[in-house]
Every structure is written in C-alpha cells, then in structure tokens.
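A.B. asks: Dropping a structure here in structure tokens format, bear with me for questions.
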Amino acid sequence: MDEQAGPGVFFSNNHPGAGGAKGLGPLAEAAAAGDGAAAAGAARAQYSLPGILHFLQHEWARFEVERAQWEVERAELQAQIAFLQGERKGQENLKKDLVRRIKMLEYALKQERAKYHKLKYGTELNQGDMKPPSYDSDEGNETEVQPQQNSQLMWKQGRQLLRQYLQEVGYTDTILDVKSKRVRALLGFSSDVTDREDDKNQDSVINGTEAEVKETAMIGKSELTDSASVLDNFKFLESAAADVSDEDEDEDTDGRAKSVIDTSTIVRKKALPDTSEDRDTKEALKEFDFLVTSEEGDNESRSAGDGTDWEKEDQCLTPEAWNVDQGVISKLKEQYKKERKGKKGVKRPNRSKLQDMLANLRDVDELPSLQPSVGSPSRPSSSRLPEQELSRADEVEALTFPPSSGKSFIMGADEALESELGLGELAGLTVANEADSLAYDIANNKDALRKTWNPKFTLRSHFDGIRALAFHPIEPVLITASEDHTLKMWNLQKTAPAKKSTSLDVEPIYTFRAHKGPVLCVVMSSNGEQCYSGGTDGRIQSWSTTNPNVDPYDAYDPSVLRGPLLGHTDAVWGLAYSAAHQRLLSCSADGTLRLWNTTEVAPALSVFNDNQELGIPASVDLVSSDPSHMVASFSKGYTSIFNMETQQRVLTLESNVDSTSSSSCQINRVISHPTLPISITAHEDRHIKFYDNNTGKLIHSMVAHLEAVTSLAVDPNGLYLMSGSHDCSIRLWNLESKTCIQEFTAHRKKFEESIHDVAFHPSKCYIASAGADALAKVFV
C-alpha cells in the first residue's frame with residue numbers, strides 16, 4: 001500500500017475496531033482524501049513563484065518612489081542651504097561695506113571738526129590720534145594676496161574648485177564677469193592695461209619687430225594676470241571694497257612690466273605717461289614730437305589720417321635705435337619752463353597796438369603768405385586751418401601773445417576763428433559807442449553787487465497754517481498770526497542750534513491768546529509798542545508788545561491784552577496802521593471798511609462801503625504819497641482810493657472786470673508804493689498789476705507766478721517788490737525793470753495753499769514768509 005494515501009487508509013488497515021466503518025467504504029475514503037489535498041494546495045498557493053516575483057516588483061517600485069521623493073527633498077534642501085549661504089555672504093559683505101563707510105565718515109567728520117575749529121579759533125583741536133581708518137577686510141585681502149608664489153597647477157585646481165562651488169551656489173563665470181565690470185564701472189575703474197597690451201601685441205606682429213624682451217615681459221604678465229583673475233573673482237565674492245586693492249595690484253604689475261622695457265626713451269614715456277609728470281613736462285615733450293615724425297619720414301611712409309601709429313610702433317623698438325641724449329633733453333625742458341614762466345607775465349598791449357593789429361587783420365589781401373612751420377602731432381587742430389590763418393597766427397606771436405594752437409588769440413576762449421577772425425562786435429569798435437558800453441557795464445555791476453537772500457531761520461511753533469506776519473519797526477522781532485487761534489512773538493537774536501541741520505531755530509518768547517478762531521491779519525504800530533490782530537471771530541484785538549528779552553517762562557501779564565475793537569460782524573481780513581494819524585484801518589467780510597482810533601478802545605470813527613456797492617473788501621493799505629488816502633481792493637475786481645477825512649471815494653482804478661466770472665478778477669492783496677504814487681495789486685489769475693494813483697490808469701501788468709499771487713511787499717526804499725504765491729515760490733522783482741532777480745522755494749503745499757504772507761523788515765536786513773505748512777521762514 002502507498003504510504004502517501006493518507007492517515008485514513010493507514011488506520012483502517014491496522015485498527016482493530018475499524019470494522020464498523022467499513023460499511024461506508026469508498027465515500028469516507030474519498031472525503032478524507034479531498035480535505036487533505038485542499039489544505040496542502042492552499043499552503044502551496046500562498047508562496048507561489050509568480051506571487052513572490054510580483055511582491056518583489058511591488059516593493060522595488062515603492063522603494064524607488066520613496067527614493068525619488070527623498071532625492072527631491074535633498075535637492076530642495078541643498079538649494080535652500082546654498083541660497084541661505086549666499087544670502088549670508090551678501091549680508092556679510094554689506095555689513096563690511098557699511099562698516100567701512102562708517103569709519104570713513106567718522107574720519108572725515110573728525111577732519112572737518114579739526115578744520116572748522118582751526119578756522120574759527122586758530123588753534124588745533126585735540127582729538128587724540130587721528131589715524132586713517134584701517135579695515136579688517138583690507139588686512140584679510142593683503143594676507144590673501146601674499147601666497148602668490150604657488151605653482152600654475154595649484155592655481156588651476158583652485159580655479160576649478162571655485163568654479164564648481166559657484167555652479168552649486170548658482171553663479172556662473174559670465175554673471176561674475178558682468179557684475180565685476182559693473183562694479184568697476186560704478187567705482188570709476190577701467191581696464192586700460194589689458195587693452196593697451198593687446199594693442200601693442202597687434203602692432204608688434206604687424207610691424208614684424210617682436211623682441212625677446214617683450215616676449216618675456218608678456219609671459220610674466222600672463223602668469224600674473226592668470227592669478228590676478230582668480231583673486232578678482234574671489235575678492236568680488238568676499239567684499240565689494242576689495243576691487244580697490246585689485247586695481248592697485250594691476251597697477252603694480254603694470255609698473256613691473258613697464259620696468260622690463262627701457263623707460264629712458266621719450267616715446268615710451270609718451271605711451272605710458274607717469275602721473276608724477278607735471279603739465280609743463282608734458283607740453284615740453286610735445287615740442288620734440290617733430291623728431292619722431294622726421295625719423296619716420298626717412299624710413300617709411302605713414303598714412304595721413306592716422307596720427308598715433310608712430311607711438312605704437314616705436315614702443316617695441318630698442319632704445320639704441322634713437323640715440324637720444326638725456327642731458328640735452330633735460331636742458332631743453334628747463335629752458336622751456338623758463339620761457340613759459342616768462343610768458344605768463346606778459347601784459348596786454350595798449351589801445352593803439354590793438355587798433356593797429358585790427359587794421360592789419362582786416363586787410364586780408366595785403367598779408368604776405370608765410371610758410372607754416374613744421375607740423376607736429378601735438379597740434380592736431382592746426383592742420384585743419386587754412387594757410388592764411390596760420391600765417392596770421394605767426395604774425396600775432398610777434399606781438400608777445402602766447403601761441404594758441406590755431407584758436408582765436410583775441411577771444412582767448414575755445415571758439416575757433418569765425419568771420420572777421422572771431423572779433424564780432426570788436427571789429428566795429430569806435431570811440432562813439434564807448435558811452436553805451438559804459439552804461440551797460442554799470443548796469444551789469446549793479447546786478448553783480450545785488451544782494452542774494454538766503455534762508456536763515458525756520459519758526460516751527462505753530463500748530464496750523466500761518467496767515468500773516470509783521471516785523472517790529474526797529475528790533476529784530478517778528479510777530480506771526482496763525483489759524484491755531486494764537487499769535488507768537490519771536491526774537492530773531494535768541495537762537496538755538498537746530499537738531500538736524502546747520503541752520504538755527506528760534507523759539508517764541510511770547511504767545512498772544514484771546515481770539516476765538518483763526519487769526520487772519522496782524523499789524524504793528526510805528527513805535528512797536530502795540531500790535532493789532534484780526535480774526536474770523538470779527539474782533540480786532542489790541543495788544544501791548546512785551547520786552548524782546550522777556551523770559552518765555554515768566555508769569556502771565558494781564559496788561560498785555562488791551563482789549564478788543566468791536567464793530568465788525570464777520571471775519572477781519574486786513575489791517576493797516578497810519579503812523580501820521582495813529583489810526584487803524586480794517587476791512588472785513590461784512591463788506592465794510594472801518595477807521596479806528598488806536599489810542600483808546602472805542603467804536604469805529606468812520607465806516608466805508610456800507611452799502612457794499614463795490615463788493616466785499618479783501619485788502620486795504622495806506623497811500624504812502626498821501627497819508628489822508630487809503631486804497632482798498634474788493635471781491636468784484638475793483639480797486640478804489642478813499643479819502644479818510646471826507647469819507648468819500650476819490651478814484652476807482654482801471655480794471656477789466658468780467659461780470660460772469662468772479663474768481664478770475666479776484667484781487668488778493670493791494671499795497672501802496674512807499675515813495676511813488678503807485679498801487680500794486682496781486683490777482684488770483686497769476687498777475688501783478690501796477691496803477692497810477694493820480695490817473696487810475698494801468699501802468700504795467702505781468703504774469704508773475706504759476707498759480708494765484710497771494711501776497712506782496714515792497715522794501716522800505718521802494719526798489720524791490722516781493723511776491724508770494726500758492727505755487728510755493730517767493731519771487732523778488734526789480735521795480736525799475738519789472739524783472740525777476742531771485743526766486744526761491746520756501747514752503748510746501750497744504751490743501752492747495754502754500755504762501756499766505758511776505759514782509760520786509762522796515763530797518764534791518766530781514767525778509768519773512770508765512771506758509772500754510774505752519775512754518776514761518778526768515779531770510780537774510
């Protein structure tokens with residue numbers, strides 16, 4: 001029997017009680033055999049060869065995916081590390097550069113302090129050891145430059161390793177070259193040395209005069225430039241400041257190459273001039289250039305258009321080809337310097353010699369045709385001139401004029417000879433027109449001696465726009481009126497140094513507080529003991545001015561406020577003080593002009609324009625030529641003169657009033673000339689107009705600014721007019737010629753407004769401006 005038939009078969013043959021099972025027989029045997037085969041088949045199917053292969057392939061694919069993800073993450077992290085390293089290196093370079101700048105500025109500041117102290121006090125300022133700043137980066141660069149005696153193989157290996165590092169970081173050689181050239185261009189360095197050497201190589205190959213000395217010099221130069229290029233790239237990464245040391249190294253190598261070739265020849269010195277040579281030496285060398293041209297004319301022919309080939313050719317020749325005696329050259333140099341010193345002291349010829357010279361120059365046909373001297377390359381412009389002009393120049397040299405290389409000897413400037421030899425108006429000069437030129441010179445001298453105003457003080461204590469200002473008639477004191485409801489008094493002699501500039505700041509010595517709204521105008525009495533202000537509250541406040549030397553922190557003095565002048569029902573726009581009658585004029589938005597007695601706080605003495613037939617007054621002033629008259633401008637564009645004693649309107653000045661447009665004809669300010677019967681008005685349409693007070697006719701009109709003209713002031717002598725505008729500019733005008741002689745920007749815009757008022761000091765050299773930017777500025 002087969003042993004592998006199963007356990008059922010084995011037990012049925014040997015067990016003594018198996019006879020009861022024999023009745024089932026073949027069915028039981030078949031069932032038992034089927035169960036055993038199924039269990040064995042299931043065990044074998046779990047570890048089949050295809051399943052194992054499939055499992056291995058699946059696991060390998062999963063491993064490859066995870067490995068790819070790991071590689072991507074590794075590459076990203078490496079890129080991030082490289083980026084951060086580059087960023088760190090850039091920050092370090094920036095820090096080094098900033099430290100160098102700080103040290104440089106500190107050193108410059110110490111020098112300026114010492115210079116200022118020496119100029120002011122005449123003694124040296126003791127600041128300790130004033131040594132030029134030493135930079136750590138420079139010391140590091142010097143230590144890096146020292147090991148230059150390495151072999152060529154070491155340089156190549158270092159260069160290759162550096163290129164590999166740069167490629168990993170993300171830089172390439174091209175980017176480095178571009179950045180290096182850009183930095184050099186910004187710093188003002190140039191690579192003239194390499195260009196010069198390339199030109200020398202080309203010329204030497206063309207001329208066929210290559211020398212062994214030149215070859216050895218160029219071999220040494222190539223080795224040095226090979227190493228210098230590596231240092232250039234490395235130092236560019238280290239710091240931007242190392243370019244200076246690289247340039248110094250290039251200059252040193254250039255000096256070594258220059259020392260290999262004989263430096264005793266004139267041509268070599270001409271090709272690579274030494275910076276220590278002075279101007280006289282260079283000009284002396286130019287005088288001997290004819291030696292070079294004559295020598296070349298015997299040996300070979302040169303093209304007429306090329307004037308520099310002779311320099312390049314002779315650089316490769318040996319010094320024995322010239323046989324130049326250096327002693328003779330030095331003697332000629334000294335002689336030339338003495339001649340130049342003698343020519344510097346030559347005086348101009350007198351008038352008779354000039355007239356004779358002019359007469360000779362006008363007779364072109366009678367001049368003899370002299371042969372020009374030997375042409376030298378040092379005078380390229382002389383070859384372009386005709387022979388007649390050269391002959392004239394030679395004649396002029398006999399009149400002790402210095403030679404001018406083909407340019408006009410009378411003009412003495414850079415213009416070339418024009419028609420009539422560039423004489424222009426000098427050719428027609430006669431005795432008759434001397435008076436005209438004298439008057440012209442006098443006018444020019446007046447303009448040259450004219451004072452130029454410069455900003456001196458900035459007054460910064462107000463919190464809102466400054467509407468008006470007034471100077472004390474005698475003292476350097478200024479009062480400003482602001483939209484912050486206050487007036488402030490400033491002593492221009494009590495200054496304090498400003499925080500951020502060299503200018504001086506002034507602090508207010510007193511603040512006037514009584515108005516219940518913005519203060520629009522202010523005026524001072526003739527003796528400076530009282531001042532008056534008007535505001536939007538319709539009140540005119542009368543003040544007693546304090547002592548200019550008062551302590552700003554003194555106790556409050558109630559006697560400063562004298563009391564209000566009541567009568568106006570709307571904002572007071574303008575004030576004017578009459579010193580002759582001690583009267584005060586005011587104009588208000590209620591349409592009236594009022595005359596007040598300043599000696600007492602009382603109602604107005606008289607009221608003008610009560611029916612508002614001319615409109616609402618905007619500005620008022622006293623007529624200086626007639627103290628009993630006043631002039632006022634109105635919103636409808638009219639300007640009228642009133643008699644204060646009779647309260648009658650005397651004259652209405654000529655005006656082109658457009659009834660359809662109110663803004664175009666608006667007059668912002670009217671003032672009277674201090675000595676002449678002239679009224680001047682400032683208009684919203686950018687014009688300034690001048691009127692005759694006797695006839696009312698318009699004398700002159702001009703567009704004075706880019707935007708509306710807001711304020712006017714005339715100096716006490718009546719020579720100059722100052723105007724302010726919303727275009728942020730102040731302009732100073734000559735009243736005689738009606739021309740602008742100075743313009744300066746004083747304030748910034750705020751709500752499309754800029755300058756509200758300008759003023760001259762009555763007795764001192766001050767002018768002031770008030771702006772919408774809450775600043776008042778004083779000019780001297």
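Glycine too: its Cβ is placed from the backbone N, Cα and C atoms.
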A.B. asks: Looking at phosphoserine as annotated by Swiss-Prot, pick the matching residue from Ser245, Ser419, Ser754.
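C.D. replies: The candidate carrying the phosphoserine note in Swiss-Prot is Ser245.
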A.B. asks: Say a student had to find the phosphothreonine annotation in Swiss-Prot: which of Thr225, Thr308, Thr546, Thr660 would be the correct pick?
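C.D. replies: Of the listed residues, Swiss-Prot records phosphothreonine for Thr225.
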A.B. asks: For the region 'Caveolin-binding' entry in Swiss-Prot, name the matching range from 28-36, 55-63, 703-711.
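C.D. replies: Going through 28-36, 55-63, 703-711 one by one, Swiss-Prot gives region 'Caveolin-binding' for 55-63.
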A.B. asks: Mean pLDDT over the repeat 'WD 2' (514-553): what is the value?
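C.D. replies: Summarising the repeat 'WD 2' (514-553) by its mean pLDDT gives 87.
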A.B. asks: By DSSP assignment, list the helix, strand and coil residue numbers for the repeat 'WD 3' (567-606), in that order.
C.D. replies: 0 helix, 19 strand, 21 coil
A.B. asks: In the region 'Caveolin-binding' (55-63), how many residues does DSSP call helix, how many strand, and how many coil?
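C.D. replies: Once the DSSP states are binned, the region 'Caveolin-binding' (55-63) shows 9 helix, 0 strand, 0 coil.
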